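These notes concern the structure reproduced below.
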């Protein structure tokens, strides 16, 4: 029993250390308190490590907290290590606030949100406003707060402001230069300066300074721009102690009652719920849509829970602009209750999403880190070889040690980050010319990895609305079970002026009239305009207000009939319908008018049971009812291809997600249509696809799909509003033509990145191979040789890798997305090994020549190499290897244009070839003196040149024909023959689907129909034009469905 209690206590402790459980921002907390002994030990460790441990703990601050502090319970903690779902750790301080003995609390901030200690539950909890409260609770705040209550709430919630911190330049520079790469650059530049190789060291320092300055400038520019966009204050009217007072918007707290001005516009600085009246707001800052949006008062429903996402039509969001306020005759003031302030508001959430974006696809970064580790492992034996080779000569230990350390500077290309940045910048510029804006150039490479593209439908694949074409009347006969439709639509609605359908079109909407124009949903405007009705004028139409107990929302008339809307329930996406209650003043009766999704309307109107529409489709067990068409014929011949799409709606998606994870994975893997998905469901779908191993792109309008756009590996927002800043890419036009443009550019950038990486790696290691051969003979390349190789030959080509434009066609074949895969590895290491083998061959050929002059053992040669034959022979072959690599590693179709299409790159490569040809074949004395090459006979130089030409021919065929065309197919056949499973989860899921013959084995045909399969049915992909409708929820499959 005690063991059971202990397990329960441990589980409770674990739960108390987690906050936001089940949410996307779920956090795990670890508490720590100061320890003098541990802090002293860390200080001693800093000293003994000569500051190295200071750098390590700056990269991993969690390590510093764990070493210098003692772990404790959250109740006594002064510091917290906060870990998110992605494994990222943050350090947060626990603060205390106490106004008096009756009001004190502990809290910490994380990503601009406040978490408060709940003493009764012994855990921290996110501080919320009035969201998730019952609507009746919100209405109970209608009298406003007192000054004392407001002061306490202000202390608890903080000021209603969105403060964007702009870090000082020195801190941004310090954060940047203490990164691993810049420390490595500092290390290699120090080694080169000790060897007086200042030319290339200066180039690297200048490139690093330029890179740091650019990054700091962009960071500050974005921070300042964001602060200007989101930071604002205004003077507002609130009710305090039952009196109307004016205060600054930064003093607003949840529960304050705002009184909205009727004849002036204002910017909203908080999220508030409308209690009385109605208004029109501009939400373009949040949604990207410049259409004015009407807002109406919240319905006081005891059982309803208020949610900003559900009650959008009743919520005035921070960041929106109030255009017009309307109150009914019996209402003196239009009031709204503040529900959220600061970073908890809609504008605050937007700012947080920009400041703390969802962890982007960093596959390339991880691959480069792994490759760097591999290169360091390769470098260890090279360092050992260098020490052994040089110790055979009369060099001092210090000189040998310096050269050994210098070998470490060959292992990672020093200009690689600058090269990768230039490739991304070139891609960013090309996208900008096509109207696609990219905030983070590194995301362009991620878009090249996309293998699944998701599209939002409404406003993205389709227009936001539809046009009114006409009405087809439905005629009832004497028998209620009999009915018919007229075949031709009626476009002139004057013929149906008193028909209920026309009255419904005129009355069932949420339109408002503002400055003579109708504002609201575009389709509602078109339907209302088609009826010929208008908003009534109280004096002109002689409206008698005594007929109403309460002022109506609006009154519409056509001059003959008049309808007053006494209550309206606006359209909500989760309800899929809207409802109005109106009074027909002409006949003196009330009307309840509803419009929405067919199945929802059918559930309200029992008469529709007589209207039966036959439908034929199949279903899954336990998730749907049989089809009702007794004439449905599902009989199919054997071996006939069966074409289908999988479709599912949001409610079904949630039901299966909670009930059957395997079925959900199968549906996600094969699904083509995901209908009526909420913003959270869209985000869940993106996450599921990513967990299955896909790189996912998302294209949406930037309104209710911002979460999915940010979570996707390449999110494209068809909006230039501020909300689109939360997605990596934005597009000027409201169409999806940007998708192939971005994918082509992404693939172009991705293959250019891999090509540049291979070029840089091969440049470093073939140079290292040439240098190691010279070490064996007791010398090294001269300073002039290093300058010629590092700066003249190898600085410009990789910097121009990104100037080649993408291929004009988007092909089905996907580029290699992993530099660690077998093909790129074979490409790099085969090239390096064969080049070094050529240098060894040239060396042995040279030393056997009678005219060869070997070098004597001289202690000065290691720092000041003499003129010699060996350097000339080896570097004649070595320098030509750079031209070969510049050609074979420059990718072309089907992802980039032809090699000769890039005139800049061709010019630089040609110039390098001519320089190398001049050094090898012409051998002018001034160039030989600069490189410290001793002249050699022409026939030997010609032999080296011909070997280099043969080297180019072989590797061009090896790279372009065998590795790119043949090897991949061979590997696929070997994997298939050996039944090797893919590391991608979605491929395993597809194999399970094929083995289970899903969905065909699970299909249940209608009892009155026959559906035969023999297991030999061929499956085609969802790109087929034919489709098999599929629905998985009972409420969408019933005889009332229209």
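The backbone N, Cα and C atoms fix where each Cβ goes, glycine too.
It is 199-217, from the ranges 161-179, 180-198, 199-217, that TrEMBL records as transmembrane segment.
Here the transmembrane segment (822-847) has long-range neighbours at 754, 758, 761-762, 765-766, 769-770, 773, 816, 854, 869-870, 873-874, 876-878, 881, 885, 888-889, 940, 943-944, 947, 951, 955, 958-959, 963-964, 967-968, 971, meaning same-chain residues at least 6 beyond its ends whose C-beta is under 8 angstroms from one of its own. Of the candidate ranges 36-56, 199-217, 870-893, 905-928, 940-958, 199-217 has the most C-beta pairs within less than 8 angstroms of the transmembrane segment (400-425).
Beyond the ends of the transmembrane segment (870-893), by six or more residues, the same chain brings 751-752, 754-756, 758-759, 762-763, 766-767, 770, 773-774, 777, 779, 781-782, 785, 788-789, 793-794, 797, 801, 804, 807, 827, 831, 835, 838-839, 842-843, 845-847, 855, 899, 905, 909, 912-913, 916, 919-920, 928, 931-936, 940-941, 944-945, 947-948, 951-952, 955-956, 959-960 to within a C-beta distance below 8 angstroms of the stretch.
Below 8 angstroms of C-beta separation, residues 830-831, 834-835, 838, 841-842, 845-846, 849, 873, 876-877, 880-881, 883-884, 887-888, 917, 920-921, 923 of the same chain, each at least six residues beyond the ends of the transmembrane segment (940-958), sit close to that stretch. By the Cβ criterion (distance under 8 Å, sequence gap of 6 or more), the transmembrane segment (199-217) is counted as touching the transmembrane segment (784-801), at least 3 such pairs being found.
Per-stretch counts of Cβ pairs under 8 Å to the transmembrane segment (784-801) identify 905-928 as the leading one among 36-56, 761-778, 905-928.
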